[in-house]
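*Asks:* Pasting in a structure now, in structure tokens, and then I'll have a few things to ask.
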Amino acid sequence: MNCCLLKHWILVIVLLWCCLKVAENLQPGRAQRAALSPGRAKRGWVWNQFVVPEEMTTRQHVGQLRSDLDNGNNSFQYKLLGTGAGSFSIDERTGDIFAIKKLDREEKSLYFLRAQVIDVTTGKAVEPESEFVIRVLDINDNEPKFLDEPYEATIPEMSPEGTFVIKVTANDADDPATGYHTRILYNLEQGQPYFSVEPTTGVIRVSSKMDRELQDTYCIIIQARDMLGQPGALSGTTIVSITLSDINDNKPIFKKSFYRFTVSEFAPSGTTIGKIMAYDDDIGENAEMDYSIEEDDSQTFDIITDNETQEGIVILKKKLDFEHQNHYGIRAKVKNRHVAEELATAHVNASSTYIKVQVEDEDEPPVFLLPYYIFGIPEEMPRGSIVGTVSAIDTDRRQCPIRYSITGSKMFHIHDNGTIITTNLLDREVSAWYNLSVTATEAYNLQQISSVPVYVQVININDHAPEFSEYYETYVCENAKYGEIIQTISAIDRDESIEDHHFYFNHFVEDTNNSSFILIDNKDNTAVILTNRTGFSLKEEPVFSIIIFIADNGIPSLTSTNTLTIQVCDCGESGSTETCTSKGLLFIMGFKTELVIAILVCIMVILGFVFFMLAMKQRRKQTLFPEKSEEYGENIFCYDDEGGGEEDSEAYDIVELRSNTVMREKKSRRSKSAEIRSFYRQSLQVGPDTAIFRKFILEKLEEANTDPYVPPFDSLQTFAFEGTGSLAGSLSSIGSRATDQEDNFDYLNDLGPRFKRLACMFSSAMKPNN
């Protein structure tokens, strides 16, 4: 027993001795040993080393290296070596180490350096190089930062509490081994009461049910704080966008409880009668509906669903007869197409609506043989060219004739047989298509109208020559060399070509031989202008003009003549024409200023002329109507009697009215009494010649309209004209006052009851005169 114990202790001692030897052989550099415990070093080194905090100010003391052989007589020199030596400096005499740069642990936490001591007198190393480490101590200088931003999540609406939404993660670049620098807590800054976040994991969960129909998107703010949220902690935030996806928790509902439709009794099967619409607050697949008919004993109607608009389309299944039944009443209902079992309770009692269909007993309008017509006609065709023919028929039994008309265009006309012709020349470059509306109307019932769209395409012909694609401002420097490119030109063609446009450029023949410039066609619808000599003179010849021919590939080919103006410019030492462009711009701006001044002067002249005309009109107002100041001596009498009218067929002879009228002869009134009595009945209806009177009125109207001094208000026009007169002569006393003072008007009593008042008036007037 004792022997075993002895052997055991001997083995332990041997193992300890071996470990010490191994430790001596594997002993780290002098600086590493000092980092563990400062003290005496191998080979006579004595030094101290301290842990360096990051963000330390420059020229901060770090530690000291010292050899045991150093007796303080300044005979030793200390040196730092290694990749990190640039961040530190050492006092060569004392061995003190200083940090000369601001240290950041996140960039570099350990510095592996080598130290060497040299005898100044001999210049030899006193001891071999020794390695040591300087460790940078962490401080809390980095705020947490969220990874994988931006955060977006989608959850179903009405999700229960505790439903997982998304997990956010923040990272802290500080040293996790130093205090709580990287211990992060999460907090919900915005998003209550619908969401919550787990403080340590960053998991976001639902804390209250949400309805997508009220709000479909939520933006919450999550804050991450290090040091477990203690004072002095740093924080960072992120935004999480949460979208609610739809579930089918709403059933479709009709907003209208009653629909009224009308349909012709001749409508064919499958005719759309009308549309009904239910509304669903859900979206997407959850809003898809199916309509059906509940009450329709006649089986006359059906309803289908428009998958695009989710409308219910009521269609006709059978033909109708107004004499048999003129109205129908049906009920339609609607339900969702996709309903989950757990949501079936929300879709009980489907919504319904009542539909009343009224059958109309009326003629059908004309029907066109095609739903639309497309015609083509080449441009520049002469007026009256035929475009095409449309045709409509009357499906009623009587086969009423059809009349056609075109609305919305003055470029076309349509004949009674439906043939459309042109009324003006067509230009494809002005309008390539014409959208017409042709209307067909029954001749015996103008209310029966139908229309059809007619599309007329104007087919292109090559009638436009190519031209420059833009206005070119071309400059050439005075010191330009031979063969220098000064301008690249291109062309455009307003014609439409089936193939791609291709243009050919050529220089005017007379200009080619002695021209200062040459043209080269690039064969790609562009050409370049090159100098044909060296040097130009701005004073002697400042502007050049070259004539360029441009031809297209149309049939037939068209050629245009274009002039390119080239201005000589003093480009200076730069040799660039950009300076010429700026000068041209300044010239244009100056020209615009002069143009504005000229326009203002013209406006002032026009206003002065207008004021002058207004003043002239004011002067003419006093003498415009001189006849208003005259006093008329004639008396005005009112006659309440009128002629026999159209029913008095015996009052005149129509043959007499059609006979040529004769001019009045000025005769004595005394000798006309017998003639007046004989032509009494004819004079009641005969009046002035209508054509002559109309011509006179039009002449006076034209005179008034063309007079520049006529004021813009009603004026008095004097018409001293009675026409050619009637066979009975004039019965007026105007004009006879001076010559017929002694006339006897007793013959008026013989003209009948209609002239009784006139005879009484003249007889009473003659007595005072006598």
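Numbering starts at 1 and runs along the chain as displayed.
A Cβ is built for glycine as well, from the same backbone N, Cα and C atoms used for every other residue.
According to TrEMBL, the record shows the following:
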- 67-146: domain 'Cadherin' (DOMAIN)
- 147-254: domain 'Cadherin' (DOMAIN)
- 255-368: domain 'Cadherin' (DOMAIN)
- 369-468: domain 'Cadherin' (DOMAIN)
- 468-579: domain 'Cadherin' (DOMAIN)
- 1-25: signal peptide (SIGNAL)
- 595-615: transmembrane segment (TRANSMEM)
*Asks:* Looking at the domain 'Cadherin' (67-146) alone, can you tell me the average pLDDT?
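*Replies:* The answer is 78, the mean pLDDT of the model over that range.
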*Asks:* Could you tell me how many residues in the domain 'Cadherin' (255-368) are helical, how many are strand and how many are coil under DSSP?
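*Replies:* When I sort the residues of the domain 'Cadherin' (255-368) into the three classes, I find 11 helix, 56 strand, 47 coil.
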*Asks:* Would you list the DSSP helix, strand and coil counts for the residues of the domain 'Cadherin' (147-254)?
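*Replies:* The counts are 3 helix, 47 strand, 58 coil.
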